Amino acid sequence: RMFHDDELEESEKFYVGQPRVLLLIYALYNTLVARSEMVCYFVIILNHMISASMITLVLPILIFLWAMLSVPRPSKRFWMTAIVYTEVAIVIKYFFQFGFFPWNKHVDYTKDKPYHPPNIIGIEKKEGYVHYDLVQLLALFFHRSILKCHGLWDEDEKGDSSSNKEDTDDELSLTGGRRDSSASLKSVNLAASVESIHVHFPEQQTAIRRKSSSSISQLSHRSSFSSHRSKRDSFKNINHTTLSLYFLQCKLCTIKSHCGLCCFRTLQVYMPIRQFFYNLIHPDYSAVTDVYVLMFLADTVDFIIIVFGFWAFGKHSAAADITSSLSEDQVPEAFLVMVLIQFGTMVVDRALYLKKTVMGKVIFQVILVFGIHFWMFFILPGVTERKFSQNTVAQLWYFVKCVYFGLSAYQIRCGYPTRVLGNFLTKSYNYVNLFLFQGFRLVPFLTELRAVMDWVWTDTTLSLSSWICVEDIYAHIFILKCWRESEKRYPQPRGQKKKKVVKYGMGGMIIVLLICIVWFPLLFMSLIKSVAGITNKPLDVSITITLGGYQPIFTMSAQQNQLKSLDPNEFSDFLRSYRGNTAALQFLEGYAREDITRADLEGNSNSLWTISPPSRNKMIQGLKDFDADFTLVISWTIQRTLEEVYPYYIKAPSDSLAKPIKQLLKDCKWENITVSLVKNASEEWWVLNQLGKRQKTPQESLELFIFSDKVSPPSLGFLAGYGIMGLYASVVLVIGKFVREFFSGISHSIMFEELPNVDRILKLCTDIFLVRETGELELEEDLYAKLIFLYRSPETMIKWTREK
């Protein structure tokens, strides 16, 4: 070796010989040091998620719009701003913890109010008010120490000092005459402005600069880079001169008016920000990258969070779920708004990616960062009536969105790739990519939406149908490529028949699957009761006998001890009594012993026969007339298990089935009622009364609240009758099927359907069948290869399918 050091070699041996746990700790520490700025970002975002106040809102916005957009790394000015701001925030929070402030006297009452001013600002009194701020300050100081150890803390100041020196020299050269004499001030054009200096650059500079690394030689790249660098330096010099003229004009106007001072202060803030974003959009060099897939995955995760946790974005909906809402044909407003916003941002992001416009991405990033933070921390707490720090689902959604913001900033800083080729799932040819790509194409409307968006936002001379045809050919060829690669990895010997493991494994599984699909309804309905069914024994059995529609003459009920189950011996005797009856035995096959209940009813009626004298006489006359028909009605009623007594709250949906509202009955429970018998001199009746009534009425009564759902207008009843899930199953999926037939299958149906004569192809197929039957497997393989070659060769296909 050229360089050798015994001490370094001994040190390396020492570290290699350490325990694995200690080596793991070393590796974690080195990772922490290498990504110390990401640790600072994470702590700042975590602090804001937990505190959720205006004080902690500033630094996350600065991270996504300043730190992560800085090239090559955040400047010292940002880290000093973050450190000083954190220290000031700690002091402010500590100062407002004293009890003499009026809002600190009722902390228990105001701590959960989202729009209480101290809660919004972040100066409320609470336990552990400064813990996360101290951790944030510790992380910032740790990163500062890392930068100082590597000599990167003062690096940007050296570059700034030279530029500042140039600015100072330019300003001194322009204002030097003012120091010498007042007459020289007249020689300065005080009306000079940015509008009076015009600098024109070609619009294709960025594209030329980004393509230079791959399209021209190293020498030409250097020369073009040098020429562009000189143009950029000239622009900076002109920009600095213009800025100096502005500063001079504003300083002179300051003497005359206060407006000049405001203009001067505004320029001091505006010009650096303008220069920062200009350098970001027009970089000297661009290490292009492509993180769109990761951004899309982050948006997809947020979409899933919205679907399964949409209740966190609405008011008083913490106990709701999307399946129950959709089953009742209700679309929550919070769910609809969040889904549309999330889907809209994904579409815009796709458009910017296809157009490769960094300026549009910067504008979209600024709008999205301010919009999301304003909505999440000022609008959402008012909608949900709970603080953001108490909304776990919203915190999770915001954290994933912060990951998206970081990826977007990285994409802006590096620039978009010059070429976007194919789907990200088609980069390699294996089973994983194959099945993922097939699943991607099975999602309704996703393939079509992506194809149309790509056609809209991509420069092309193809029509939409031609574009779709190319996309379909590409998808079909990719699938074939995956299968061909799998055949190379697992080759099949020539002339050898398929193994039984493959035939019974794959074919048998497909046969079982098809049989289960065909007979699934019968199997499901048969097994759901016999295997998973629960015995539901009756609690009350009533018999009523009525003569000719008059007052019932007999009423009797069987309850409690009068309802008995059969013991094993009685059940055996019961089955034995129907031994010769095939139909009865077939019916009894579906019931077990515990499913049968015996009811013992007394012969005496449990109610008096109260009938009016005229009706009594008329019924007697009807019984004496043997020529007329007189009906005897026997009715029975079986009452089963009820969970509670009186629901108090009833929901009347659009259908005919009314049901209790369980959400309202969890806290106030079900109501109790009293039943009493009132006797008079010759009459008696039953009286019911509800105890827990909202309207404290003195008389006995029952109170019931009915919540009625809105119904669709009669003109739309034919569609609304299907419900949301029915419409999706019967209309949307059917339309999606026809759309999919139009979008897919076009490429490999042209040369297979436009065939004038198919006799020769039919003869080739029959030859394959013949040699297979005779056992000529090698000849079968040759004929199959000939058939495949025929379909791969359009010229040969045209010759084979010509008219005779």
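Cβ atoms are placed via backbone N, Cα and C, with glycine included.
As written in TrEMBL, here are the features:
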| type | residues | note |
| --- | --- | --- |
| COMPBIAS | 213-227 | compositional bias 'Low complexity' |
| DOMAIN | 34-154 | domain 'Piezo transmembrane helical unit' |
| DOMAIN | 289-526 | domain 'Piezo THU9 and anchor' |
| DOMAIN | 641-803 | domain 'Piezo non-specific cation channel cap' |
| REGION | 155-180 | region 'Disordered' |
| REGION | 205-229 | region 'Disordered' |
| TRANSMEM | 14-32 | transmembrane segment |
| TRANSMEM | 39-66 | transmembrane segment |
| TRANSMEM | 78-96 | transmembrane segment |
| TRANSMEM | 291-314 | transmembrane segment |
| TRANSMEM | 334-353 | transmembrane segment |
| TRANSMEM | 362-384 | transmembrane segment |
| TRANSMEM | 396-416 | transmembrane segment |
| TRANSMEM | 428-444 | transmembrane segment |
| TRANSMEM | 464-483 | transmembrane segment |
| TRANSMEM | 504-528 | transmembrane segment |
| TRANSMEM | 716-739 | transmembrane segment |
Residues of the same chain, at least six outside the transmembrane segment (396-416), with any C-beta under 8 angstroms of its C-beta?
41, 45, 49, 60, 64, 68-71, 210, 280, 283, 286-292, 294-295, 298-299, 301-302, 305-306, 309, 312, 353, 356-358, 361-362, 365, 368-369, 372, 376, 388
DSSP-assigned states of the domain 'Piezo transmembrane helical unit' (34-154) in counts, ordered helix, strand, coil:
82 helix, 0 strand, 39 coil
Contact set, same chain, for the transmembrane segment (78-96): CB under 8 Å, 6 or more residues outside the stretch:
40, 44, 55-56, 58-59, 62, 66-67, 70, 104, 118, 122-125, 129-130, 133-134, 136-137, 140-141, 143-144, 147
Looking only at residues six or more beyond either end of the transmembrane segment (362-384), which have a C-beta under 8 A from one in the stretch?
52, 57, 60-61, 64-65, 114-115, 120, 277, 280-281, 312-315, 334, 345, 348-349, 352, 391, 394, 398, 401, 405, 408-409, 412
Cβ pairs under 8 Å between the transmembrane segment (291-314) and the transmembrane segment (334-353), at least three:
yes
When you scan the chain for residues with a C-beta under 8 Å from the transmembrane segment (14-32), skipping those not six or more beyond its ends, what do you find?
39
